[in-house]
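To keep things clear, I will list the structure first and then write my remarks on it.
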Amino acid sequence: MKNENSTEVTEFILAGLTQSQNIQLLVFALVLIFYLIILPGNFLIILTIRSDPGLTAPLYFFLGNLAFLDASYSFIVAPRMLVDFLSDKKVISYRGCITQLFFLHFLGGGEGLLLVVMAFDRYIAICRPLHYSTVMNPRTCYALLLALWLGGFVHSIIQVALILRLPFCGPNRLDNFFCDVPQVIKLACMDTFMVELLMVFNSGLMTLLCFLGLLASYAVILCRVHGSSSEGKSKAVSTCTTHIIVIFLMFGPGIFIYTRPFRAFPADKVVSLFHTVIFPLLNPVIYTLRNQEVKASVKRLFSQRLAC
């Protein structure tokens with residue numbers, strides 16, 4: 001007699017983004033163009049921040065890490081999705097699915113915590129400027145970076161541990177274009193109500209609390225900035241506004257996907273596409289376009305390369 005908890009499914013069939021061949025080709029072309037244009041931009045941001053001695057402030061240190069996290073995050077789903085668009089049979093192995101799920105939540109959780117760290121950095125810079133250099137010293141920055149990577153790992157390993165305990169012995173068709181918790185759980189050969197609650201608590205509640213906490217912190221910062229008369233007021237408002245835009249792009253889809261019972265909605269795949277492919281590549285670019293120092297540094301870097 002076989003062990004009831006043994007996993008018999010060795011691969012999952014991905015339903016894909018859509019069944020329409022024309023729409024698949026259109027999305028393939030748009031995502032590929034977007035990917036080839038924006039992804040190098042993220043690496044350019046990293047190169048610019050690392051090569052310019054004028055961009056050594058903690059804000060730019062964390063911005064470089066955001067660009068790295070987002071670029072890495074985009075590699076988890078987008079390349080395979082583009083290949084699957086051209087394939088008749090979209091299959092991913094059980095181990096491949098678990099690996100994809102792990103890195104998706106590892107990097108996603110780390111990025112969410114990084115946005116919290118960046119909010120803390122802006123709070124100290126604007127509300128406690130005299131203590132900024134003391135509090136946000138290089139040692140603190142590296143400690144915060146280590147903490148957010150560790151937090152992302154713990155968040156992800158909990159997800160994977162719960163998935164690995166589930167038996168998969170029947171249907172193996174995932175109604176998505178990549179492996180994620182809601183779709184994988186639905187295929188388990190057992191009552192998954194308690195597991196879904198744990199997943200909602202681990203992913204959904206964490207996402208929602210971070211989102212509300214970040215909005216509250218930036219509300220405090222903007223109130224403090226509004227009441228001041230310093231010369232850097234417009235710059236502080238611009239920086240905080242940029243952070244808030246990225247917060248909505250990062251946490252909005254996550255809240256939609258993970259803070260409700262795992263039921264399928266028509267918009268799920270579209271939201272997942274933006275959450276896993278489009279927004280991660282856009283976030284650092286949005287920061288850069290609204291930051292005069294980084295834009296000026298990018299121009300100088302281009303001028304130096306052209307001069308050579």
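Note: Cβ is positioned from N, Cα and C throughout, glycine not excepted.
Keep in mind that TrEMBL annotations are predicted by a computer and have not been checked by a curator.
Straight from TrEMBL, the features:
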type: TRANSMEM; residues: 23-47; note: transmembrane segment
type: DOMAIN; residues: 41-287; note: domain 'G-protein coupled receptors family 1 profile'
type: TRANSMEM; residues: 59-78; note: transmembrane segment
type: TRANSMEM; residues: 98-120; note: transmembrane segment
type: TRANSMEM; residues: 141-164; note: transmembrane segment
type: TRANSMEM; residues: 200-225; note: transmembrane segment
type: TRANSMEM; residues: 237-258; note: transmembrane segment
type: TRANSMEM; residues: 270-289; note: transmembrane segment
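Among 59-78, 98-120, 141-164, 59-78 has the largest number of CB pairs under 8 A with the transmembrane segment (270-289).
Within its own chain, the transmembrane segment (98-120) is flanked in space by residues 59, 62-63, 65-66, 69-70, 72-73, 76-77, 80, 92, 144-145, 147-149, 151-153, 155-157, 159-160, 163-164, 178-181, 184, 203, 206-207, 210, 213-214, 217-218, 221, 243, 246-247, 250-251, 254, 276, 280, which lie at least six positions past its ends and keep a Cβ under 8 Å from the stretch. Averaged over the domain 'G-protein coupled receptors family 1 profile' (41-287), the predicted model reaches a pLDDT of 87.
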